[in-house]
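Below is one structure; the comments refer to it alone.
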Amino acid sequence: MDSERDVRAQLQRAGQDHLLRFYADLAPEARAALLAELASLEADALREHCQRAAAAGALAPGPLPDLAARLQPLPPERVGSAIRCDQETRLRWEEEGFRQISLNKVAVLLLAGGQGTRLGVTYPKGMYQVGLPSQKTLYQLQAERIRRVQQLADQRQGTHCTVPWYIMTSEFTLGPTIKFFKEHDFFHLDPTNVVLFEQRMLPAVTFEGKAILERKDKVAMAPDGNGGLYCALADHQILEDMKQRGVEFVHVYCVDNILVRLADPVFIGFCVLQGADCGAKVVEKAYPEEPVGVVCQVDGVPQVVEYSEISPEIAGQLGADGGLLYNAGNICNHFFTRGFLDVVTREFEPLLRLHVAMKKVPYVDEEGNLVKPLRPNGIKMEKFVFDVFQFAKNFVAFEVCREEEFSPLKNDDTADRDNPSTCRRALLAQHYRWALQAGARFLDVHGVQLTEQSGMLPNGDPPAICEISPLVSYSGEGLEMYLQGRQLQSPFILDEDQARLLRPQDC
């Protein structure tokens with residue numbers, strides 16, 4: 001272990017020796033832990049990180065200069081659509097996706113390094129329940145979608161396939177996530193096919209360029225953003241693991257989208273048939289000022305431009321069809337070939353831009369007292385997963401229906417949008433639509449049949465509560481055999497047990 005003298009000299013070179021100012025107050029165990037943490041922060045890298053953070057924090061936020069002359073929508077030939085395509089084309093994409101899944105060439109990779117702080121909880125977001133009748137968590141919904149898509153591929157191709165699930169966690173979420181999965185028997189997935197790994201952490205920095213102590217014996221650290229994926233892949237030999245399994249295509253997504261379709265065969269098939277090395281699902285922006293990044297081209301290169309970087313004038317520009325010109329909203333749902341990820345980790349990762357996040361970072365003051373600031377006092381530097389789009393040789397975007405595939409969980413219920421209630425309603429509304437399309441009808445509390453025209457209730461809930469397990473249907477398929485011609489009382493849960501009861505005897 002590095003000595004106090006060595007660590008202090010290292011910190012002095014970095015201009016960060018204040019991190020040891022409470023060393024004399026600490027017990028032996030706390031001293032050892034602090035020295036170990038500080039020794040891992042290499043002096044030159046620490047100095048550069050703190051200087052870059054302070055410099056970036058001093059820049060005025062706002063629209064990028066000269067963006068109007070540099071910005072273009074993606075060329076039409078680079079964009080596919082699950083909404084506007086004909087049925088034959090969609091089936092061709094889906095069939096190719098299922099073929100690749102059946103050949104064990106597809107993996108999913110979950111970005112799960114963030115805590116549920118904005119939700120008012122201290123545990124990982126994936127462990128959160130939004131209040132579904134089944135009380136399923138985000139992790140369970142996602143695990144069951146993996147099981148179902150494997151089952152569908154096997155049924156179509158006559159195989160026994162595996163979709164490995166890679167989960168990138170952080171120092172905050174790794175332990176709780178492992179414990180949660182073990183407690184729930186990995187949701188009946190083979191544990192050898194669930195690979196958890198940890199992203200790097202970076203010190204939070206004051207506006208003056210000083211690393212922050214959150215306790216006398218602990219530096220305030222934060223995950224290096226979802227773009228930390230590329231270092232983490234290299235740190236933990238994840239690409240080597242994928243190669244050994246025969247994985248060629250990776251579906252990367254964020255933990256907080258309750259409607260996410262893991263290993264979506266339509267998306268996978270589209271990207272593969274296009275020969276893409278990198279792809280992004282997008283949804284049409286709801287309105288010009290919607291706070292989502294835009295997938296577009298800057299100087300002829302594909303990338304995501306954050307909503308804060310686009311002026312209102314550009315955001316409101318209309319295209320020839322009368323819709324928004326820059327309407328491809330990014331939803332953190334991406335396709336990569338393993339070969340592309342390998343090149344990124346070896347060559348391009350150091351070129352990724354660092355993004356600034358101003359945060360309220362708890363700290364200890366000069367007397368060693370804990371302070372919880374009421375306004376941002378620190379800078380956390382992050383990399384974004386989508387900043388590799390610029391390095392793709394064949395980038396594509398794939399438009400999907402927001403109501404079917406995107407409802408993120410960002411805030412608690414005091415917020416107007418992206419909260420547990422909006423997520424719950426989005427999923428239940430989807431399942432209600434699926435049930436109607438399968439030929440079911442619902443009864444209200446008085447036993448009166450609801451009409452198909454029955455609108456959403458004043459609170460945003462569907463007219464009847466219906467939840468369909470991902471183990472029964474992945475995207476609305478196969479429900480007719482259970483629901484055709486049936487009258488259902490709300491609330492109705494179609495899980496595997498209920499499906500067995502409703503299944504016709506001759507099936």
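Glycine too: its Cβ is placed from the backbone N, Cα and C atoms.
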Checking feature assignment: motif 'Substrate binding' per Swiss-Prot, candidates 83-86, 111-114, 387-390. Which range matches?
111-114
Have a look through GLN150, GLN151, GLN155, GLN199 and flag the one Swiss-Prot assigns to the UTP site that LEU111, ALA112, GLY113, GLY114, LYS125, GLY225, ASP256, LYS380 belong to.
GLN199
Here the binding-site residues are LYS125, LYS380, LYS410; which one has the lowest number of other Cβ atoms no more than 10 Å from its Cβ?
LYS410
Translate the DSSP assignment of LYS125 (UTP binding site) into the three-state scheme.
helix
In whole Å, could you give the widest CA to CA gap in the UTP site formed by LEU111, ALA112, GLY113, GLY114, LYS125, GLN199, GLY225, ASP256, LYS380?
21
Can you give me the same-chain residues 6 or more apart in sequence from LEU111 (UTP binding site) with a CB-CB distance under 8 Å?
MET168, ASN226, LEU229, VAL252, TYR253, CYS254, VAL255, CYS332, VAL385
Neighbourhood of GLY113 (UTP binding site) by C-beta distance under 8 A, where only residues 6 or more apart in the same chain count:
MET168, THR169, SER170, PHE172, THR173, GLN199, PRO223, ASN226, GLY228
List, in sequence order, the same-chain residues at least six positions removed whose CB sits under 8 Å from that of GLY225 (UTP binding site)?
HIS355, MET381, GLU382, LYS383, PHE384, VAL385
Between LYS410 (substrate binding site) and LYS125 (UTP binding site), find the distance joining the two CA atoms and give it rounded to the nearest Å.
9
Counting by DSSP secondary structure, give me helix, strand and coil numbers for the motif 'Substrate binding' (111-114).
0 helix, 1 strand, 3 coil
